[in-house]
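Asker: From TrEMBL, here are the annotated features:
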- 9-36: domain 'C2H2-type' (DOMAIN)
- 65-92: domain 'C2H2-type' (DOMAIN)
- 93-120: domain 'C2H2-type' (DOMAIN)
- 121-148: domain 'C2H2-type' (DOMAIN)
- 177-204: domain 'C2H2-type' (DOMAIN)
- 233-260: domain 'C2H2-type' (DOMAIN)
- 261-288: domain 'C2H2-type' (DOMAIN)
- 289-316: domain 'C2H2-type' (DOMAIN)
- 317-344: domain 'C2H2-type' (DOMAIN)
- 345-372: domain 'C2H2-type' (DOMAIN)
- 373-400: domain 'C2H2-type' (DOMAIN)
- 401-428: domain 'C2H2-type' (DOMAIN)
Amino acid sequence: MTHTKKKLFTCEVCNKTFSKQGIFRLHLRTHITEKPYACEICNKKFSLLAYLKTHVLTHLKEKPYTCEICNKAFSYPTDLKRHSRMHTKEKPYSCEMCSRVFAELTNLKQHLMTHTKEKPYDCKMCGKAFSQQGNLKRHLLVHTKEKPYSCNICSKAFSQPSTLNRHLKAHSKKKPYSCEMCGKAFSQPGDLRRHLLIHTKEKPYSCEMCSRAFSRLGDLKRHLLSHTNKKPYTCKMCSKVFSQPDNLSRHLMIHSGEKPYSCAFCNKAFTEQFHLKVHLRTHTKEKPYACDVCYKAFAQQHHLKTHLRMHTKEKPYACIVCHKAFAQKIHLKVHLRTHTKEKPYSCDVCYKAFTRQHHLKTHLRMHTKEKPYACDVCHKVFGHKHHLKTHLRTHTNEKPYACDVCHKAFAQEGYLKRHSFMHTNEKPYTCDVCGKAFSTKQDLNKHFLTHAKKLPSTFNKSNEAGSADS
């Protein structure tokens, strides 16, 4: 300790200076860890008397500090001060590196680690590092399988308080966050923020490599990994690698068996909130994604995206063998099997193999005689869904397929195709016997009978000739 002419007391450990000796002595205790003030109830010790007095309030349950706006009471003045910022929107703590502001000092400190990449908290079981102690504590539950947070309504247990809170909203049905533009309500503020981007069409985050724009920073970060092909996140249990930490977190639920998101209608559980959200639409029949061109609505956004390619004629998936392009990735995947001759779906009854799973499913009905599709009007049953769809047109008289030349309409696409040959004079069906061509298969079949009728007489003459020789 050195006493300067200006009456300043300087700490030799951290070089901090003080103008008053009493405050300086109190500061020294932070280095020597002296804690002379003990709580008579729980024996916890403190370096300052003020800290002890504040601590005692936790035993007394006394809350002498009240918010003037909402009347909520607190045990500590600091808690009241932090709470008040919720009303005033005051954010006094600013990051010197990116100018982002925070309401609490602890939040600023945590944020600073995103710049320094510092992760001081290590998991002793798998070595994974975290920037925050709370994140490490939550991570440890993956190893211990502990689920300390229980729902007081249905007793379902969760490993995280945040997942319990999300689950509780399924019981309450509360959606306190409403969109001012369309009135749609949400249970989470984050869901509302994401929804608002649909209206604003704002995409402030751009990729410097391909100029693709995104509405969320997280989406841009995920996209950037598609250029680097980096997968820095590894599962310690099965060694599977991921490009995103949240993808790894979701994957870990496979090992833990945790499904924190439950359907309030049928109790089906999901590992991800998004999957629950999509599933709920099977109950509500909600189709929030509508086509701007034809107004057809869809339950899932990617179904709308796929549908829009029907209008734009966009085919982003190209075959590397023959360069044929497809609107959907699954169609390209199936097409590639025409080159590889791969038929991964095999019938257990007759061992016939198929390139597509639904072809196998349809084929199996030939063995089972199952006809799961029934007409609501006449109760006729069908083995294929498209056969029922075609049949229903006999009741509705719907004819969606129109000829571009004469505008004649047909109930089935095949009928239109055959009709079009009348205009083009195309005759794709050829007789194998005489080479004569026809525009429809029915005409070919009728013609073929003229050859078939001649066969018995020819056969009889040859038989008679054989008898005469003998």
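Glycine residues also receive a Cβ, built from the backbone N, Cα and C atoms like all the rest.
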Asker: Take the domain 'C2H2-type' (289-316) and count its residues per DSSP category (helix H/G/I, strand E/B, coil), listing them in that order.
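Answerer: Summed over the domain 'C2H2-type' (289-316), the classes give 12 helix, 4 strand, 12 coil.
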Asker: Looking only at residues six or more beyond either end of the domain 'C2H2-type' (373-400), which have a C-beta under 8 A from one in the stretch?
Answerer: 362, 365-366, 409-412
Asker: Are there residues at least 6 beyond the ends of the domain 'C2H2-type' (93-120) whose Cβ is under 8 Å from a Cβ of it, and what are they?
Answerer: 82, 85-86, 129-132
Asker: Need one number: mean pLDDT over the domain 'C2H2-type' (93-120).
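Answerer: Reported value for the domain 'C2H2-type' (93-120) is a mean pLDDT of 78.
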Asker: For the domain 'C2H2-type' (93-120), jot down how many residues DSSP puts in helix, in strand and in coil.
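Answerer: Going by DSSP assignments, the domain 'C2H2-type' (93-120) contains 12 helix, 4 strand, 12 coil.
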Asker: Mind tallying the domain 'C2H2-type' (373-400) by DSSP state, helix then strand then coil?
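Answerer: With helix first, then strand, then coil, the domain 'C2H2-type' (373-400) has 12 helix, 4 strand, 12 coil.
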